[in-house]
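Report on the structure given below.
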């Protein structure tokens, strides 16, 4: 499943296609969204926000389209008038004079008012997004030490969107390798230096992955600057200590680590 950096880049592509342009046609597959087609035609997409793995498409009339791709949903950008060759089921079409964005296969789609944005169940549960430039290491450290999270093992905590939105499995293993910790640790047991290192890595690594335009694939690379240190590298030598990277399962997900330098 895509993680925060991949979802933010997808949102960037959608924004580049239609942001600031009047919508010439709007279509929704679900009956409960049909009344909004006429309300949105002629409006402008002002921005597309990511909240973890959810996208919020904000319109100039104050409405917001909430969508969560879950496992199968995917957005596409096409030239207006193009007919895509796909077997996927179309859910949303937002069309401008020159570009159209399409959402396929997703089922978690809603239209929200400004008030509903503050009470939506998923948006209430999800933590601050690691790609939100306003989020600081000091705030992350405070969350780590909060009563809600301080006694949670990192193996599960770093997959929990309520802690920090946008993290996922490859980020989990890369962050823990960066700070030299195993997944069994808890924030309450770390010393000050470890807490500070982890608080920075929880933001630095997702942001580096995003800015270097990498993607999680078998090439193990995230652009020119971000390269997987342990993810999908079991059996290889750790570049930090020379130990052999191992693979196990933690919190029902594959976990890669170096037993020689992660303690």
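Glycine is no exception: its Cβ is also placed from the backbone N, Cα and C atoms.
Summarising the annotation, Swiss-Prot assigns active site, schiff-base intermediate with DNA to 2 and lists sequence analysis as the type of evidence. In the three-state DSSP reading, residue 2 (active site, schiff-base intermediate with DNA) counts as coil.
For 3 (among others), the entry in Swiss-Prot reads active site, proton donor, with the evidence type sequence analysis.
Under the three-state DSSP scheme, residue 53 (active site, proton donor) falls in the coil class. Look at Swiss-Prot and you will find 53 (among others) tagged as active site, proton donor.
The active site, proton donor annotation in Swiss-Prot covers 253 (among others). Under the DSSP three-state reduction, residue 253 (active site, proton donor) is assigned to strand.
The Cβ neighbour count for residue 125 (DNA binding site), using a 10 Å radius over every protein chain in view, is 12. Feature annotation from Swiss-Prot assigns DNA binding site to 70, 125, 169.
The annotation zinc finger is assigned in Swiss-Prot to 229-263 on the grounds of sequence analysis. For the zinc finger (229-263), the model gives a mean pLDDT of 95.
Counting other CB atoms no more than 10 Å from each candidate's CB, the binding-site residues 70, 169 peak at 169.
According to DSSP, the zinc finger (229-263) comprises 0 helix, 12 strand, 23 coil.
Across the structure, residue 3 (active site, proton donor) and residue 53 (active site, proton donor) are spaced 7 Å apart at their Cα atoms. Using Cα positions, the member of the active-site residues 2, 53, 253 nearest to residue 169 (DNA binding site) is identified as 253.
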